[in-house]
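To start, the structure under review is shown below, and the notes come after it.
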Amino acid sequence: MNNLNSVFDYEDIQLIPNKCVINSRSEADTSVKLGNYTFKLPVVPANMQTIIDDKIAEMLAKEGYFYIMHRFEAENRAAFIKKMHKDGLIASISVGVKADEHAFIREISAEALIPEFITIDIAHGHADSVIKTIQLIKRLMPQTFVIAGNVGTPEAVRELENAGADATKVGIGPGKVCITKVKTGFGTGGWQLAAVKWCAKAASKPVIADGGIRTHGDIAKSIRMGATMVMVGSLFAAHEESPGQTVERDGQLFKEYFGSASEYQKGEHKNVEGKKILLPHKGSLKDTLKEMEEDLQSSISYAGGRDLSALTKVDYVVVKNSIWNGDAI
């Protein structure tokens, strides 16, 4: 590992501006290439039950955004691939690593239901089980782009890439509804951005930063540290279209948001590493995506460039936990 003393997180970093070369931020190009596809934003909503469902996946794909469907209604996945392909859209699904998931991978391969993207999605992705799953997918569906995770070390990134992963997802428990760090003592909570930097340095393929994103500026910071794509949970939760339950408290509307290993999601009290919270209702998801795009265009203009590559070259300073001056986000 790198120097373990020089760790930092999103709130510790400020990017330093360069001379602006565009007349308006609307000229800035926020698009990103992943595999054989180009997407409108370097952002993907988290593949969680309270963030994405079939309808949202379809809307995102139609509008040119990347998405990853969650794996918590396993029996619907084959039909989902079929429907997306029938509509001329890309299919991007999640799988686990157990025997029944391997059977599912064999089944869709045999039926020629080949998704463009598969994300192997487990909490501790630096595992033999993940390596075996990558190898199985690549053997049966060599054209499918495989994202594997989640990991938090350069060693893990190298191993998963060597096994055949096309991208790795970095982040162990830094998310708002993830309590891995509390329950286990392990994780990248508090130093997620440093983990992204170290992992991206070791990577020869794209890295997806996953977790700990609290503001749109954090997306720009992730790209500066080497992420190709940024997975966002809580910022995408609690919208009009979001799957979570709407709850009214004292005249204000809230929506449920829970972690992928929470008892609410698992329906049990076993191996719980997630919690449930209520977030204020946020209006339309399309409005949030537009605002994200505009903020990222502003970031590019501050970086002195015309596209996302400008963000990878800016200088930054470490200002330990002080950019909020004690204010909560």
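Cβ coordinates come from backbone N, Cα and C, glycine included.
Feature annotation from Swiss-Prot assigns active site, thioimidate intermediate to Cys178. Feature annotation from Swiss-Prot assigns NADP(+) binding site to 207-230; the stated evidence is sequence analysis.
Summary for the binding-site residues Ser222, Thr228: the Cβ-based neighbour count within 10 Å is maximal at Ser222.
The 10 Å shell around the Cβ of Asp210 (NADP(+) binding site) contains 31 further Cβ atoms across the protein chains shown. Spatially close to Ile213 (NADP(+) binding site) yet at least six residues away along the chain are Tyr10, Ile219, Ser222, Val230, Met231, Val232, Gly233, Ser234, Leu235, judged by Cβ distances under 8 angstroms.
Of all the Cβ atoms in the protein chains shown, 27 others lie within 10 Å of the Cβ of Ile219 (NADP(+) binding site). With the fewest other Cβ atoms inside 10 Å of its Cβ, the least crowded of the binding-site residues Val207, Met225 in this structure is Met225.
Around His216 (NADP(+) binding site), the same-chain residues at least 6 positions away in sequence with a Cβ under 8 Å from its Cβ are Leu235, Glu291, Met292, Asp295, Leu296.
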